[in-house]
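Chemist: Please read through the structure below; I'll follow up with questions.
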Amino acid sequence: MSLRWIGLLAALLVAHLALAYHVGQAQGVLPQLVVIAVQGVAVGAVVVRWRRSPPLIRSPWLLLAIAAFMQILWAATNLLAVVVGDVGGYLTALGVVFSGLYMIPCMFMVARSFVQNEPRVVVMLDLILSCLVAVLLYRLVTQIISGPLASDPSSIYLIIHHADAVDFSLAAMAILRLLGARGFRWRFFYFAAATYVLVNAIVAAVYNRVEMQGLPWWAGSLVDIPYACLAIVTMRQPPRFLRAYHPSLATSQTIVSFAPIMLSLIILMLGISVSRISFIPGVLAASVSVIFYGLRVAFIQSRNLDMQRAIDQTTHRLQQQVGRDPLTGIANRAALDTRLQEVLEEGLRTGSYCSLLMIDIDFFKQYNDSLGHIAGDACLVKVACALSSSQLRARDLVARYGGEEFVVVLADTSAEAALEVAKRLIATIERLQIVHPRCPQGHVTVSIGIATQTHDTSIDPVALLEDADRALYRAKSNGRNRYEVADDMKSDAPAALRGVGATDSALPF
Ligand SMILES: Nc1nc2c(ncn2[C@@H]2O[C@H](COP(=O)(O)OP(=O)(O)OP(=O)(O)O)[C@@H](O)[C@H]2O)c(=O)[nH]1
């Protein structure tokens, strides 16, 4: 804060005291003009912060400026009453209206969560509840001043006690929000707001009690204090402890959720008090506070459920994408490893062993070289589609192992059955008749290595994959467009399995 502004504020405070002393009373015209000037400096300081703040935090600063401005209007009404006289008590009533209006932005700024994408309904409910505080305060004050209690001088204490309760609750809410604010800018805002509303509550409590004994000449200067504090806090650099303090996410969320409960509680309290003078409006207000709070919770919960559903769908989609090969759309290596591990464990547990086919496109390098890489990609997609739509069971998995290699995991499948599947897949690819200019058959063919789990197969997927890969290597060496069974299996297998493997396009499928 520049020295110029401190000097101006100090001069105004001294001028207020001097003028009040000179006039000999607190509510002279000139002293009250000074109050308005101090309030003006405070509002100006808040407006400057509002204009300089980033968009999300602008509205709270604006609400604070409006709240302080309402107090200027209240002070101006008092001044007008001194100058022209308050015929019919209209100006007093207007002063009460402005005091009530001051509550609306104050309550709203401490009750609103200000989170991004806050549902409009929730914002509206908070605004209505904030307005209800003002309405009830107005109703309570006017009923006490002009109702049946007016003749009882002690009834003024009812107003003072309720004003204290609301002012200090407001200050408590602002301090709570300060403690729960996670961003530094938000902490700074709530620091300024809490300072202002707390000092204002203390000054109002003292002023009202002093007033009961007859206002001494200096009492008007008390009114300057909250505005001087607000101006100083707002214009100065934020204190260091605001940067050092970091509430946890849980603390912050608890406080943000708790603030509207306080607001409803204040309305409930005012509603009960009003109901003692005017039953129906009081009970209505109390009920509205409970119903609106319930509605607020219901809306937030339903929005959270919607968000949870959207997150679940996205997670599901992402999980699917994570396990998919981007080119062919079939399962990728990660999904293969997971599924293979599952069926191996199941086989070991139940004795229903699985089989594995490792499939490799023959002469694929030559295919790429002669027809280009894009045609190669298209060929991979066709082969993947043909393999995955070749009437396998839902429990089986076709995955792209890498490059032009595919793997089929066959759960609970013997070596003989796997061999039949291999034959069928070789024929399926041949039937596609994908032209391959540099393949002896003239079209794309595949070779397959078969491995089957036995009682002593490791449950590590790599072991079975290596067996199948070795069998595939033999299929390639033995002329391609054929299948071979892994050596371990062949030695254990029935005669039908041994020595078979060569296949040609004339296989009877
Ligand atoms: N178009 C395309 N080509 C790929 C892809 N992944 C691997 N390849 C190619 O596949 C070819 C595989 O070549 P090799 O490992 O020599 O096998 P091959 O030519 O099929 O020979 P054999 O397997 O012995 O019949 C390489 O030229 C790779 O560049 C891919 O995603 N798209």
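Along the chain as shown, the residues are counted starting at 1.
Each Cβ is built from the backbone N, Cα and C atoms, and glycine gets one as well.
Copied straight from TrEMBL:
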{"type": "TRANSMEM", "residues": "30-50", "note": "transmembrane segment"}
{"type": "TRANSMEM", "residues": "62-84", "note": "transmembrane segment"}
{"type": "TRANSMEM", "residues": "90-110", "note": "transmembrane segment"}
{"type": "TRANSMEM", "residues": "122-141", "note": "transmembrane segment"}
{"type": "TRANSMEM", "residues": "156-176", "note": "transmembrane segment"}
{"type": "TRANSMEM", "residues": "188-209", "note": "transmembrane segment"}
{"type": "TRANSMEM", "residues": "215-233", "note": "transmembrane segment"}
{"type": "TRANSMEM", "residues": "254-273", "note": "transmembrane segment"}
{"type": "TRANSMEM", "residues": "279-299", "note": "transmembrane segment"}
{"type": "DOMAIN", "residues": "352-488", "note": "domain 'GGDEF'"}
Chemist: Take the C-beta pairs under 8 A between the transmembrane segment (279-299) and each of 30-50, 62-84, 156-176, 215-233, 254-273. Which stretch has the highest count?
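Modeler: Against the transmembrane segment (279-299), the leading stretch is 254-273.
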Chemist: Quick one: do the transmembrane segment (122-141) and the transmembrane segment (254-273) reach 3+ CB pairs under 8 Å, ignoring pairs fewer than 6 apart in sequence?
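Modeler: These two stretches do touch.
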Chemist: Restricting to the same chain and to residues at least six past its boundaries, which positions have a Cβ under 8 Å from a Cβ of the transmembrane segment (254-273)?
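Modeler: Sequence-remote neighbours of the transmembrane segment (254-273) are 107, 110-113, 115, 126, 129-130, 132-133, 136-137, 140, 158, 162, 165-166, 169-170, 172-173, 176-177, 179-180, 247, 282-290, 292-293, 296.
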